[in-house]
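K.L.:
This is the structure I want to talk about, given as structure tokens.
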Amino acid sequence: MLNASLKQLSAMLAARKISSVELTSEFLKRSRALNPEYNAFITLDERTSLAQAQAADILIGSGRGQPLTGVPIAQKDIFCTKGWLTTCGSKMLSNFISPYDAHVIGRFNAVGAVNIGKTNMDEFAMGSSNETSFYGPVKNPWDTAAVPGGSSGGSACAVAARMAPAATGTDTGGSIRQPAALCGISGLKPTYGLVSRYGMIAFASSLDQGGPMAKSAEDLGLMLNVMAGFDARDSTSLEREPEDYTRDLEKPLDGLRIGLPKEYFVKEIAEDVARAVEAAIGQYRKLGAETVEVSLPNTKLSVPVYYVLAPAEASSNLSRFDGVRYGYRAPDYLDLNDMYRKTRAQGFGSEVKRRILIGTYVLSHGYYDAYYIQAQKLRRLMAQDFAEAFKECDIIMGPTSPTVAFDLGERSSDPVQMYLSDAYTIAVNLAGLPAMSIPVGFGHKNRPVGLHIIGNYFAEAQMLNVAHQYQLESDWHTRMPKE
């Protein structure tokens with residue numbers, strides 16, 4: 001049951017071979033046993049989860065079950081969840097019980113899925129290793145000396161360790177795809193605007209996007225069928241006809257043109273990552289695809305551009321956390337201004353403070369034109385790079401991360417090295433494109449390697465087809481870490 005797909009679990013539930021209460025109990029038992037070691041969950045609420053499972057069993061018994069009814073799903077602790085502690089990995093929200101559900105939570109509630117728990121994450125989604133969480137670092141289940149990636153490290157760890165069959169994540173610069181790669185699971189960042197951001201605590205609003213994390217591409221499609229959809233409460237939500245993202249999974253890949261950016265295959269990639277990625281691309285050739293070289297000339301600028309734009313938006317978004325209406329408030333202060341200063345100084349961690357300072361600096365008088373405006377111009381050029389590349393190919397591929405998971409603490413004292421962990425994922429967010437990572441092997445110290453698959457706007461069904469066809473010929477996505 002631990003390795004069963006979402007489709008298989010849904011079929012078992014529909015056929016009454018197992019109840020949602022039994023299924024949820026099994027995953028809760030496993031989560032409670034493993035969480036002290038991995039720290040994947042911030043909150044587990046057994047009573048609420050089992051109550052949802054009981055309600056799901058009633059739905060299924062009355063013939064009103066849908067795909068994912070009764071299936072336990074782990075939710076990243078960035079999504080507001082009514083009646084649940086919603087911390088965003090921060091001391092600032094360590095006492096915040098959300099009074100409402102985020103769009104994503106509401107969509108899963110509507111189909112009768114079970115919320116098995118809220119997963120750990122980098123504070124306010126700012127990090128690439130899940131070491132900035134107020135609740136402590138998450139450990140990689142393949143090697144507990146290694147990071148799981150971030151910021152959705154808790155979700156990636158929970159799925160990889162089979163503490164949950166699937167999870168939600170968010171991706172601002174790679175925060176679904178990078179931890180998916182480092183933990184050996186599949187993760188999808190949809191086209192910007194496809195999944196509503198309502199109730200998703202904001203980091204950088206023009207870059208943030210929610211998405212699914214699961215063992216396989218097929219599971220991602222089933223999750224996206226629930227998560228995607230127009231929401232009038234989010235001004236950036238796209239009004240599109242609903243579609244079945246699993247519809248093309250079995251389509252053969254004959255004639256598929258795979259673009260290989262020359263900027264992605266450079267000496268900075270670790271040899272073990274390069275070998276696994278090249279072997280996967282070779283398998284695609286056997287499946288009937290052809291490869292063409294393309295160029296994304298502004299790729300090298302994606303990290304500096306991102307670290308101007310994302311902190312600028314964060315400095316504005318995080319100004320709302322002041323201790324007045326909700327969240328942490330400093331216990332001792334002289335006056336209102338002193339309360340603001342002490343609350344934010346004590347409530348935010350060092351990485352969040354660093355990005356607020358950077359963002360405030362680049363938006364300040366005298367630097368706005370030199371940094372922020374120039375970064376926006378380069379962002380447009382990166383989108384144009386992808387548009388030109390997609391004239392030559394259908395899908396773009398490369399490594400998700402330049403290395404396998406690095407050791408805990410290895411980069412925490414060097415922010416620039418940490419930021420470079422997302423060198424291959426950031427440009428996708430700047431362009432608003434969809435992209436995903438799937439496991440394609442193992443490298444140094446038996447740590448997983450991920451293949452990055454980038455599609456054109458709204459090409460999620462095609463990307464899932466491309467990933468699924470590879471997974472029919474491989475078993476990397478079915479492998480479990482040793483306990």
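Cβ from N, Cα, C; glycine included.
Sequence annotations record features per position, and here Swiss-Prot assigns active site, charge relay system to LYS76, SER151 based on sequence analysis. The active site, acyl-ester intermediate feature in Swiss-Prot is assigned to SER175; the stated evidence is sequence analysis.
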K.L.:
Output, ordered by sequence, the same-chain residues six or more apart from the residue listed as 'active site, acyl-ester intermediate' with a CB under 8 Å from its CB, or 'none'.
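P.N.:
Correct list: ASP122, ALA125, SER128, GLY150, SER151, SER152, GLY169.
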K.L.:
As a test of the contact definition, list every same-chain residue at least 6 positions from LYS76 (active site, charge relay system) whose Cβ is closer than 8 Å to its Cβ.
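P.N.:
The answer is LYS118, THR119, MET121, SER152, GLY154, SER155, ALA167, THR168, GLY169, THR170.
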K.L.:
What is the number of other Cβ atoms found within 10 Å of the Cβ of SER151 (active site, charge relay system)?
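P.N.:
The answer is 34.
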K.L.:
So, three-state DSSP: helix, strand or coil for LYS76 (active site, charge relay system)?
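P.N.:
In the DSSP reduction, LYS76 (active site, charge relay system) maps to strand.
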